[in-house]
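The annotation active site, proton acceptor is assigned in TrEMBL to 494. Marked as compositional bias 'Low complexity' by TrEMBL: 1-17. Per TrEMBL, domain 'Acyl-CoA oxidase/dehydrogenase middle' is recorded for 211-320. Feature annotation from TrEMBL assigns domain 'Acyl-CoA oxidase C-terminal' to 526-666. Annotation source TrEMBL lists region 'Disordered' at 1-20.
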Ligand SMILES: Cc1cc2nc3c(=O)[nH]c(=O)nc-3n(C[C@H](O)[C@H](O)[C@H](O)COP(=O)(O)OP(=O)(O)OC[C@H]3O[C@@H](n4cnc5c(N)ncnc54)[C@H](O)[C@@H]3O)c2cc1C
């Protein structure tokens, strides 16, 4: 955008803008399907800026006609249905939609089981989340284990839907099917097929599987775990041994109360030789009377700061005997002669194969983080539309959503959910296609980075929502705390975010990117030009990281030392990569692919992307430091963000409705429009 047109736009923006005008504008747009152009110069109450009209749009197909007098975002009559169709539904088939709707329907028909309950004891909470999961799986049979390979989106659909109903049930679903069952599916062989058939069919309080990978002293560094599985050829059995208290299995979800079976990660010892980490199927409790089996000691992990519906525990194994066939032997097996045989001679690669099943969990964590942020935003922003505080006079208070500072706090998170949704859906599609070698590694890297970026931003965003809902945000019944907890735990499980970034950086540095020739940034409204500077940042940091690591390794003759002293660059590289990737996917999937008839949606989506990109530029001094943006342009960003905030405000009801959460069972909280009515009840909840 030229300096001149930007100034013109600023003049438009600085037209008389009193609170009355904002209020009238906001109210007139609460139902966006009725939105019309209110740029009537004779009516000061309905004036609003058509800042969009002076923007040069780079996307030909969605460029509004210059003859269109309604050339501004809030002039468009965009329904939430249209938005849902282009942001959510295009990624799901009729089958997946039906599964989601059938789960919602089951919840509706069984209000007693699914009503939100508070103040339960630890065990009551645990049984409740289990019973809900069991009921849904047994009633609907929404997937089979084979679907993890043939139709993983089915699994994502179930997990995502559950996550918004009861995250405890979702967590249990992830543990029993996504970790326990998927380990048998991916690491097991033909002989494990009969057991695999039980995973869905037999799920009950007496048949539940857990995943014992983390140990007290080694959780991030799984390769260094101490638990041993010692093979005895004379009996054709393994002895599972916890050699010291520091090797106790910790955090295993399901251990404290319900689990009857476990996948145990242990060092495989054959003929006194360590063959590295392998996985074993171990019975934990009797399926008949639930007693803990001989040689196993289990203790509760205690009260947590959230997610207490998951019964995480500690497990010790004192020479627990299991048959030879309980080794999940896809990557390494014991022959009839009692020797070790593997198709992957490299121990490091063999280990990586064993943790590859975690990928689905990481993708799911990225997705559930975005969902948690969406739900927190919907509840908060709906409240903010109705909540009035202060105004030009005592009797003319205005909605808190009309305050600029409020919009600046939340709209970037709103934009994040829209942009990142496309990146996560794109990742799911990559996951569906079989991939090998470098392509497969890159998918893992992308999943690591998206999981870290989404959970980190969701946690910060949910915390902002907690504050943005005022004191109401502190009530359990309003669900914002619940969403913040989901995001909080997501920072650590399925891999600590910092560790994931560092692992991803080691792969990203091998891309051998060349730094693109820098073209001058002439138009800040041009997403294509902006993407170029993100591309430049990604490649520049990669090269700096490669160079510094090599230099330090040479100087210190110590590769570990070099990797430690370049960790700052590793983290920056992953952040640059994932932001650049998300913008690229969004431009391709959300903007370019929208046809002429969807130009209104394209406009809104583009504005959301610009808001996020401006926010990211403001967060990182790199762009200024490297002259990718001039100080003059940088100085314009705040006003540009403000103008987008103003444009988006009338669309907020549509944008949050487009998240598509059913109001009766997911977002029914005593806030926003229901605040006074529901808070007047004698009891808010029972
Ligand atoms: C709610 C919940 C449920 C869980 N469920 C399960 C389960 O069912 N089964 C299971 O096996 N595990 C489970 N876990 C455990 C989880 O996988 C581990 O907590 C996770 O891998 C992190 O390990 P840690 O807690 O030992 O952290 P640590 O590895 O001790 O990390 C602590 C801090 O040190 C930092 N750090 C560590 N190493 C480095 C380094 N090299 N460079 C820079 N910084 C570093 C990390 O970033 C982190 O901030 C669960 C955890 C939670 C919170």
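Glycine is no exception: its Cβ is also placed from the backbone N, Cα and C atoms.
What you are looking at is a predicted structure, and each value in this text was computed from that prediction instead of being measured.
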Inquiry  = Need one number: mean pLDDT over the domain 'Acyl-CoA oxidase/dehydrogenase middle' (211-320).
reply    = 97
Key: Tally of residues which DSSP labels helix, strand or coil - the domain 'Acyl-CoA oxidase C-terminal' (526-666)   = 118 helix, 0 strand, 23 coil
Message = Using DSSP, what is the helix/strand/coil residue split across the domain 'Acyl-CoA oxidase/dehydrogenase middle' (211-320)?
response = 6 helix, 53 strand, 51 coil
